[in-house]
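Per TrEMBL, these features apply:
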DOMAIN    22-504  domain 'K+ potassium transporter integral membrane'
DOMAIN    517-692  domain 'K+ potassium transporter C-terminal'
TRANSMEM  21-42  transmembrane segment
TRANSMEM  54-75  transmembrane segment
TRANSMEM  142-164  transmembrane segment
TRANSMEM  184-202  transmembrane segment
TRANSMEM  209-231  transmembrane segment
TRANSMEM  257-276  transmembrane segment
TRANSMEM  288-308  transmembrane segment
TRANSMEM  328-348  transmembrane segment
TRANSMEM  385-403  transmembrane segment
TRANSMEM  409-433  transmembrane segment
TRANSMEM  440-460  transmembrane segment
TRANSMEM  466-485  transmembrane segment
Amino acid sequence: MVARWIPGSLLVGNVRKNLFLAYKTLGVVFGGLVTSPLYVYPSMNLSSPTEADYLGIYSIMFWTLTLIGVVKYVCIALSADDHGEGGTFAMYSLLCRHADIGILPSKRVYSEDPLLHDQSTVARKPSKLGKFFERSITARRVLLFMAILGMCMLIGDGILTPAISVLSAIDGLRGPFPSVSKPVVDVLSAAILIGLFLLQKYGTSKVSFLFSPIMAAWTFTTPIIGIYSIFHYYPGIFKAISPHYIVHFFLRNKRQGWQLLGGTVLCITGAEAMFADLGHFSKKAIQIAFLSSIYPSLVLTYAGQTAYLINNLNDFSDGFYKFVPRPVYWPMFVIATLAAIVASQSLISATFSVIKQSVVLDYFPRVKVVHTSQQKEGEVYSPEINYILMVLCVGVILGFGGGKEIGNAFGVVVIMVMLITTIMLTLVMIIIWRTPHALVGLYFVPFVIMEGSYVSAVFTKIPEGGWLPFAVSMILALIMFVWYYGRQRKTEYEMANKVTLERLSELLEMPEVQRVPGLCFFYSNIQDGLTPILSHYIKNMSSLHTVTIFVTLRYLLVSKVDQQERIRIKRLGPNGVYQCTVQYGYADNLSLQGGDDLVAQVTRCLQRHIKTSTDRQSPASIEEEIAQVEAARSAGVVHVRGKMRFYVGSDAGCFDKVMLRFYEFLHGICRSALPALGMPLQQRVEIGMLYKV
């Protein structure tokens, strides 16, 4: 009896936990998706629409929500996680662990690390597609650029969602007050966004408990109005679920119908957040929330809007507020405005999270990242990124000034992310899951045709506003690709010119080289050997500290690293010389904040290593070694890093000349790694050196 009761209680507990998490997703994951009815119809360039046109448009939106939202994301994409993390880059890291597809050999130095394979299935021979990527450096570069571009498109989403959501919500003032001009709405929207961005430095912990109730109120009130509108205006609206209305729509409207796809695609805005925010919630919680509330809410809300518009054919430019009944107009205006702000906050926070992960994994130039919550590791803030986003968001509102133009820009971001996800998910199916080709084709062909049609439609909008997010995303993707390439070329040079332990012993035996008192943290990018800057340092300084620890900050292609695996230390050959690896994943919070904290943690780990190592038999020698470490720390701590520059010779290839010179520019304007760890300025030493390519 007891044996049966315990699993039942655990099951009830899991159900409650998933339901609670599903409720919390409303305020974090689905803000952008569930507020899309505010701007979908107003973003469409309709010309003398008819009842049949609206039925065709609703049919397109219904099947887009069903196929992309339910089939693609809920049923398939959420299973392509990397240690619980989602998004295009998570899929890229998953592919990297199962196939040798890093763009440079140096990226594969740690491919045998068990941390990278603890979720792997039984080892198999690479698939034919995997072998193709392993052989082709061009294919590997394209794949990396595609993954990066997907991340950058999500950042573009963080620029446009606040702009279009808040602008569409505040536009509701013009219904009751026709005297309110469009410039006034633009200025009010910009002021709200400026206030929202200025509050980012305080974090969202204090107000985040309001997010889910606000979005729940929005999610459950809009379909109620939709149901009222259906019965009041057009009870037969659900006949439009039949796909033949889509066929008739395109046969009747031809080119104009194809161009209208650029507006209908906005009904699925924010769906990528289901996958990208997977690391903050469970898969089941996201599935429960979407299938039980978000999907029905959107289907009913769009049905209600369409039913109203069939009876009021030319009201599409204000398609949301016009279908709201007058008695509840102002309550819905307040809820819509609050929901738009929450949706904006969700995308802003997601942008900070993406930037933080990119910086941690060394795919983006170092910017300041501040953790605004001690309890929630994903709650971060970047001052530089925040103010850039603020300028771009306000510039979008004041520059474009209209929902249609912003909608054109938004459509480019939305569908490009989804197409990239479709392609990478197909690679995961073939290379990792080994899905039968017939099933892969059943997934790939329909979604590429559908999303390809959307892409072709939104690309016609590039001259009409769509150029902005595309340009921003391409610039960001280029920056990330160049930064990653430069960092990898640096590592490649260091691996080829590393200092061996034998060479270090020779350098220390030179008569002019002295061992000076103190504890030195010598930062290096490599583990198998020592950085070539070391010999440059010893020759110039003619000294090395009595205790020198070569520290490697190792960013793994996994989401999280166990705390006990965070710091690894081993003794090297010469007396007082050690190697330390500080490792963490792209979703980890780098908890080593502050120079004293790093020194204390590494010192404790070093002393533990000395006590437990088997190559010291005498207790006296152990005590002597520990005393040496304590004396060195008392004498003073210094943090040494190399400040390398590439020397691009005339014999270098054109690709290297362009990429590495751009990398040098980025390296010169980004933050130093040591201040990011909180190292005191007076303890830092930089050694310059040229690396010849």
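Positions of Cβ are set from backbone N, Cα and C atoms, glycine also.
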So what's near the transmembrane segment (54-75) in sequence-distant terms, Cβ-Cβ under 8 Å and 6+ beyond its ends?
33, 40, 44, 237, 239-243, 245-246, 248-250, 252-253, 257, 260-261, 264-265, 267-268, 271-272, 274-275, 286-287, 290-291, 294-295, 298-299, 302-303, 306, 309-310, 313, 418, 421-422, 425, 446-447, 450-451
Long-range environment of the transmembrane segment (288-308) - Cβ separation under 8 angstroms, sequence gap at least 6:
18-19, 22-23, 25-26, 29-30, 33-34, 36-37, 40-41, 54-55, 57-58, 61-62, 65-66, 69-70, 73-74, 219-220, 222-223, 225-230, 232-235, 237-238, 240, 267, 274, 315, 319-320, 322-323
Six or more residues out from either end of the transmembrane segment (142-164), which same-chain residues have a Cβ under 8 Å from its Cβ atoms?
32, 38-39, 43, 87-89, 91-92, 95, 101, 103, 133, 189, 193, 196, 269-270, 272, 276, 343-344, 347-348, 350-351, 354-355, 358, 363, 389, 392-393, 396-397, 403, 406-407, 409-410, 413-414, 416-417, 420-421, 423-424, 427, 469-470, 472-474, 476-477, 480-481, 484
Can you tell me which of 257-276, 328-348, 385-403, 409-433 gets the most C-beta pairs within less than 8 Å of the transmembrane segment (184-202)?
385-403
For the domain 'K+ potassium transporter C-terminal' (517-692), what is the mean per-residue pLDDT, to the nearest integer?
79
Might you confirm whether the transmembrane segment (257-276) is in contact with the transmembrane segment (409-433), defined here as three or more C-beta pairs under 8 A between residues 6 or more apart in sequence?
yes
